[in-house]
Amino acid sequence: MELSISQSPRVRFSSLAPRFLAASHHHRPSVHLAGKFISLPRDVRFTSLSTSRMRSKFVSTNYRKISIRACSQVGAAESDDPVLDRIARFQNACWRFLRPHTIRGTALGSTALVTRALIENTHLIKWSLVLKALSGLLALICGNGYIVGINQIYDIGIDKVNKPYLPIAAGDLSVQSAWLLVIFFAIAGLLVVGFNFGPFITSLYSLGLFLGTIYSVPPLRMKRFPVAAFLIIATVRGFLLNFGVYHATRAALGLPFQWSAPVAFITSFVTLFALVIAITKDLPDVEGDRKFQISTLATKLGVRNIAFLGSGLLLVNYVSAISLAFYMPQVFRGSLMIPAHVILASGLIFQTWVLEKANYTKEAISGYYRFIWNLFYAEYLLFPFL
């Protein structure tokens, strides 16, 4: 440790290694400090004992000030409202519990279909429809939350291997709280639909909840069987969502249900797309599925084969969309539909190539699956303008 004393009333301590003046031919005073002798320059003198004490007092006073200030900062950090902190953590856990990427798909899909129905019937648009549309979106989010939530409750062991970041698997949300949330989502969704959309749409909504239940809950737990699992996901996310939202929107406009070519296209397109999502969603989970003896196409056929199968089915979708634009120019805007789907198909081919070059690592598989969801969002964003 070095003690430097100068003419100014400042005292400087350093924890660096001693850097003292080398011994010279001239005699210099020294000060004994903690068993060590520190050489001092010749012109430095302690004029009186009081000066030394004043300097010691200065150092001690400043040390106490710094110490008090540091302690007060620590105390302030520790005195943050624990209730607000718990609320923030619970909100974060609930948001992760809802699986945000599925919420985005549900919200975009319903918004796109409502927008398309309104574009086809602009003369029937009125402000009272906004509240009805928002209530429908709320019901869909509740249904989505119920389905993904109950799946997490029955997949805790698997998620600790495959998805340890999910709130129940991570210990951020208790099973009891999760049950309360899924029960709330189911009841709230059914009430909103029942009061706003009539018995037929309520029946479709109930069917979606039922399919989501048997997908995850024993003894049926249909997710154990690949074909049944794919059909359930494709039915709920593909057909029921698109048909139900479009039917409800036309009913709110006072119109009978009638298929239009664009709506038939998006329903078919998204149903096949949902099938691809159902196939590829197990790609990042192969390790946990094998450990818990869950039979999926990925565990049976291998990650590479399923990735190529998923990409191939999506390419069929894109080729069909481009063909429709050529075949029905009076229905679809070919100037948008053709180049947009060429770009999306090219992106899919490139992402599949990236996955192949990465040798199907877990990170590359996760990136590929996220890209598929981005393609899903992109189709709904395009749909109102096709």
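Even glycines carry a Cβ here, placed using N, Cα and C.
Record features, source Swiss-Prot:
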- 1-69: transit peptide (TRANSIT)
- 130-150: transmembrane segment (TRANSMEM)
- 181-201: transmembrane segment (TRANSMEM)
- 204-220: transmembrane segment (TRANSMEM)
- 225-245: transmembrane segment (TRANSMEM)
- 259-279: transmembrane segment (TRANSMEM)
- 306-326: transmembrane segment (TRANSMEM)
- 335-355: transmembrane segment (TRANSMEM)
- 365-385: transmembrane segment (TRANSMEM)
Highest Cβ pair tally under 8 Å against the transmembrane segment (130-150), stretches 181-201, 204-220, 259-279, 365-385, lands on 181-201
Between the transmembrane segment (259-279) and the stretches 204-220, 225-245, 306-326, 335-355, 365-385, the largest tally of CB pairs under 8 Å belongs to 225-245
Under 8 Å Cβ-Cβ from the transmembrane segment (306-326), and at least six residues away from its ends along the same chain, one finds 265, 269, 272-273, 275-276, 279-280, 282-283, 297-298, 332-334, 337-338, 341-342, 344-345, 348-349, 352, 355, 360, 365, 368, 372, 375
In the same chain, residues at least 6 away from the ends of the transmembrane segment (181-201) whose Cβ sits under 8 Å of its Cβ atoms read 94, 97, 132, 135-136, 138-140, 142-143, 145-146, 149-150, 153, 209, 244, 247-248, 251
Residues outside the transmembrane segment (225-245) whose C-beta sits under 8 Å from one of its C-beta atoms, at least 6 past its ends, are 105-106, 109-110, 113-114, 136, 140, 147, 201, 204-205, 207-208, 211-212, 214-215, 263, 266-267, 270-275, 277-279, 295-297, 300
